[in-house]
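Participant: Sharing the features that TrEMBL gives for it:
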DOMAIN    5-156  domain 'Glycerol-3-phosphate dehydrogenase NAD-dependent N-terminal'
BINDING   GLY8, GLY9, GLY10, ALA11, TRP12, GLY13, ALA138, ARG253, LYS271  NAD(+) binding site
BINDING   TRP12, ARG32, TYR49, LYS106, ALA138, ARG253, LEU272, GLU274  NADPH binding site
BINDING   LYS106, GLY134, SER136, LYS189, ASP242, SER252, ARG253, ASN254  sn-glycerol 3-phosphate binding site
BINDING   LYS106, ARG253, ASN254  substrate binding site
DOMAIN    178-314  domain 'Glycerol-3-phosphate dehydrogenase NAD-dependent C-terminal'
ACT_SITE  LYS189  active site, proton acceptor
Amino acid sequence: MTRFAIVGGGAWGTALGCLYARAGHRTVLYARDAETVAGINRDQRNARYLPGIELPDGLTATSDPAEAMDRAEIVLFVVPAQSLSVAIAELGGLVPPDALAVLCAKGIERGTGRFASQILTEAMPGQPLAVLSGPSFAADVARGLPTAVTIAAGEPALADRAARLLSTETFRCYAAGDVVGVEAGGALKNVLALAAGAVVGRGLGASAQAAIITRGFVELRRLGAALGGRPETLTGLSGLGDLVLTCSSPQSRNFAYGLALGRGDDRSGLKLAEGVFTAEIAARLAKQHGIDAPIIATVAAILSGDRDVDAAVQSLLARPLKREFD
Ligand SMILES: NC(=O)C1=CN([C@@H]2O[C@H](COP(=O)(O)OP(=O)(O)OC[C@H]3O[C@@H](n4cnc5c(N)ncnc54)[C@H](OP(=O)(O)O)[C@@H]3O)[C@@H](O)[C@H]2O)C=CC1
Ligand SMILES: O=C(CO)COP(=O)(O)O
């Protein structure tokens, strides 16, 4: 039995809580929202973030971070990318120094261009860390459906240990050494899912959807490599794997947000779509690194109101012809 603490009572934190509680680990989830805590402890439900799923008995929640962190061996940080700095500033001091911090957000911090691993390393130098990413819808994982993901850490022995500790019968973790590549794949696929959703929402057809996914993957690989990721990582579960999932299913909140963009629907009540926060900084990073990333730039322009979907499609199609592989 391992002692897990989970920071974040949203869809993914709760799903991971289900996974590890069911696997027999001591699993305590920290949520700042009292109603979420009460719902998990009293009703075995998280009605706000993971409706319709009965949570296992073994999963408990608290709004006392010290209680969650008590002798924790693994601390999963499962808050949105833009909230991670604040969460670490508030809670980092309570994390036992030898606990493995596992970063689960998929995004890039807007103001600084940092990935989660950089945020944690700067705030908590010396803390062992791993990054978890790959195709994994919270509702699927909470229901016990199978998937495979990547767990990356800087040192091979730590990555192997993390993969062993975080794997269950239904959740197969592949160890990797490329932390930045895994983070880049997880963050960029969300931006591309917005584009794929917009294409489908605008009624442009399955061929256009496949084309945007494929050319989006070229951008993911280019920018991921420029940011320091290894090419093979970006073709793995956290790159191609999660791109395929997120760009093809309305179960994805990013794809659903893109669908609403394409249809011209109101987006105010939609759930968290990390790509909305990552698009502009991703486009900026591409520019800084001299990377051609027209789809990412177009998503950023649509979100900022600089371009509508029809004009964006027109301008993508009107670019000068080029070789498929340069
Ligand atoms: N959902 C999924 O299928 C998957 C999500 N992810 C990634 O995991 C991350 C989290 O996503 P998800 O759980 O789905 O998001 P949700 O929107 O479902 O939940 C976010 C949670 O984070 C909490 N939170 C935000 N800021 C803080 C803070 N400073 N301190 C403590 N708690 C905080 C929120 O609390 P409050 O309610 O109080 O605001 C809420 O409980 C994202 O980066 C996402 O891309 C990765 C894989 C799968
Ligand atoms: O990252 C995810 C699946 O791997 C979840 O995708 P969404 O955040 O788009 O729902």
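Every residue gets a Cβ built from N, Cα and C, even glycine.
Please treat TrEMBL annotations as automatic predictions, because they have not gone through curation.
What's the neighbourhood like for each of these?
Facilitator: Cβ-based neighbour count (10 Å, all protein chains) for LYS271 (NAD(+) binding site) stands at 11.
A sphere of 10 angstroms centred on the C-beta of TRP12 (NAD(+) binding site) encloses 25 other C-beta atoms.
LYS189 (sn-glycerol 3-phosphate binding site) falls within a helix when secondary structure is assigned with DSSP.
Around the Cβ of LYS106 (NADPH binding site), 29 further Cβ atoms fall within 10 Å across all displayed protein chains.
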Participant: What is the maximum Cα to Cα distance, in Å and rounded to a whole number, among the residues LYS106, ARG253, ASN254 annotated as binding substrate?
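Facilitator: Comparing all Cα pairs, the maximum is 13 Å.
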Participant: Based on Cα distances to LYS189 (sn-glycerol 3-phosphate binding site), point out the closest of the binding-site residues ARG32, LYS106, ALA138.
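Facilitator: If we rank ARG32, LYS106, ALA138 by Cα distance to LYS189 (sn-glycerol 3-phosphate binding site), first place goes to LYS106.
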Participant: Just to verify a number: CA distance, TYR49 (NADPH binding site) to GLY10 (NAD(+) binding site), in angstrom, no decimals.
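Facilitator: Rounded to a whole number, the Cα-Cα distance is 5 Å.
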Participant: Compile a sequence-ordered list of residues in the same chain as ASN254 (sn-glycerol 3-phosphate binding site), six or more apart from it, whose Cβ lies below 8 A from its Cβ; state 'none' when nothing qualifies.
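Facilitator: ASN254 (sn-glycerol 3-phosphate binding site) has long-range Cβ partners ASN190, VAL191, ALA193, LEU194, GLY197, THR246, ALA273, GLU274, GLY275, VAL276.
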Participant: Restricting to the chain of ARG253 (NADPH binding site) and a gap of 6 or more, list residues whose Cβ falls under 8 Å of its Cβ, or answer none.
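Facilitator: Listed in sequence order, they are LEU270, LYS271, LEU272, ALA273.
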Participant: Using ALA138 (NAD(+) binding site) as the reference point, find which of the binding-site residues ARG32, LYS106, ASP242, SER252 has the shortest Cα-to-Cα distance to it.
Facilitator: SER252
